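Peer 1: The active site, proton acceptor feature in TrEMBL is assigned to D262. Among the features that TrEMBL reports, substrate binding site is placed at N13, I14, D15, G41, K42, G43, A44, N45, E142, D262. For N187, T228, L229, G230, S231, E232, G233, G261, D262, the entry in TrEMBL reads ATP binding site. Per TrEMBL, the feature K(+) binding site maps to D256, T258, A309, Q312, G314, S318. Look at TrEMBL and you will find 5-320 tagged as domain 'Carbohydrate kinase PfkB'.
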Amino acid sequence: MEEPKVLTFGSINIDEFFEVPHIVSSGETITSSKYCQRAGGKGANQSVALAKAGALIWHAGKIGRDGEWIKKYMNNHGVRVDHIIISEDQPTGRAFIQVSQKTRDNSIVLLPGTNHMISLDEARKILSQEFGVNDWVIMQNEIGQIGGEILKLCKEKGLTTVFNPSPLSENIINVFSFNLVDYLIVNKLEAVQLYKQISGFSSDEDISIQDLLTFISIKFKHIGIIVTLGSEGLYAWYRPEQKVFNLPAFKTKVLDTTGAGDTFTGYFVSSIVRSLKQRRTNNSFSTILPTAEDFLDALKEATVASGLAVSQLGAMESIPSFNDVQKSKIMFDI
């Protein structure tokens, strides 16, 4: 039986950074002292993290001719790029990012570009070619409302689904069927926003992580849930045994948190898939559930990887190698 394949169906962006004296005001023209261009997009970042973690990973998405260098860059990192579609007349998604020299605050203008131009027919064609019940799909919320329809297609094909609903839009529960999600990965702000959308609760009163986990796990009984808390670690709900895990963060010197969440997602999924591969006998991968030990080990690996990522500058560039994560994981004694 073939090794499980992982498909990231998500965004690819060109990130353009402008270092400025301060964030520009309305009607003001200022000069940037430094400019750089980097590969980005949550989908692309997660694909590269999965590749670095050793997964058999494909990326599906759409770029313009101006983004072909990102396709090559991802492929150089081990991502299969057969399902990245190229538009001849539309631009790749872009993020125009101002970074203040004084405060390091930023201001971002997003152009969805080709990320919002994926069609359902294109998605069907991709999924029909080589993905099925033994495989996994990871999705985010950067490819427009078509994402909800693609999630349905993936579940119809029997894929295990991982959803990182970032950025969390106001109507996300109407676009994506959360009952089709097997693993939900959110930060605390996203968990609170999701709770408010589902419950109709609008108060600004603080909600505990335990209450958030309980509410989401009752509402969606089959979902495994991870709520990341940045420097405070994470809480996670292991569905089969209804067990809650609480891990601290892996402490490093923080330089740039941009790619931490995407690094976490990639390493978590890769670790789970690796554990299933090691324990498989004659069963299909789709009938095997990770044990509590597998789940906890994946949380640890992802926590270490994201901790290493924030100690480096950049998003995709900061994702650590598998060997570096394994070496540091030994020191993560909890």
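Backbone N, Cα and C define each Cβ position, glycine as well.
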Peer 1: Cα-Cα, whole number of Å: A309 (K(+) binding site) versus D262 (active site, proton acceptor)?
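Peer 2: Taking the Cα atoms only, A309 (K(+) binding site) lies 10 Å from D262 (active site, proton acceptor).
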Peer 1: Quick one, of the binding-site residues N187, S231, which Cβ has the fewest other Cβ within 10 Å?
Peer 2: S231
Peer 1: Quick one: Cα separation, Q312 (K(+) binding site) versus L229 (ATP binding site), in Å?
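Peer 2: Spelling it out, the Cα of Q312 (K(+) binding site) and the Cα of L229 (ATP binding site) are 19 Å apart.
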Peer 1: Would you kindly give the Cα-Cα distance separating S231 (ATP binding site) and G314 (K(+) binding site), rounded to the nearest Å?
Peer 2: 18
Peer 1: Identify which of the recorded positions D15, E142, D256, D262 has its Cβ surrounded by the largest number of other Cβ atoms within 10 Å, counting every protein chain shown.
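Peer 2: Compared across D15, E142, D256, D262, the most Cβ atoms within 10 Å surround D262.
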Peer 1: What whole-number Å value do you get for the CA-CA distance of L229 (ATP binding site) and D262 (active site, proton acceptor)?
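Peer 2: With distance taken Cα to Cα, D262 (active site, proton acceptor) is 14 Å from L229 (ATP binding site).
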Peer 1: Spatial neighbours of A44 (substrate binding site) among the recorded positions N187, D256, D262, defined as Cα within 10 A: which are they?
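Peer 2: Checking Cα-Cα distances against A44 (substrate binding site), the recorded positions within 10 Å turn out to be D262.
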Peer 1: Write down the Cα-Cα distance for D256 (K(+) binding site) and N187 (ATP binding site), rounded and given in Å.
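Peer 2: Taking the Cα atoms only, N187 (ATP binding site) lies 17 Å from D256 (K(+) binding site).
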Peer 1: Give me the CA-CA distance between T258 (K(+) binding site) and E142 (substrate binding site), in Å, as a whole number.
Peer 2: 16
Peer 1: Cβ distance under 8 Å to N13 (substrate binding site), same chain, sequence separation 6 or more: which residues?
Peer 2: A39, G40, G41, A44, T92, G93, R94, A95, G113, N115
Peer 1: Starting from the Cα of K42 (substrate binding site), work out which of the recorded positions (G233, D256, D262) are within 10 Å.
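Peer 2: Hits: D262.
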Peer 1: Using Cα coordinates, what distance in whole Å links D256 (K(+) binding site) and D262 (active site, proton acceptor)?
Peer 2: 13
Peer 1: Of D15, E142, D262, S318, which recorded positions are close to S231 (ATP binding site), meaning a Cα within 10 Å of its Cα?
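Peer 2: The recorded positions passing the 10 Å Cα test: none.
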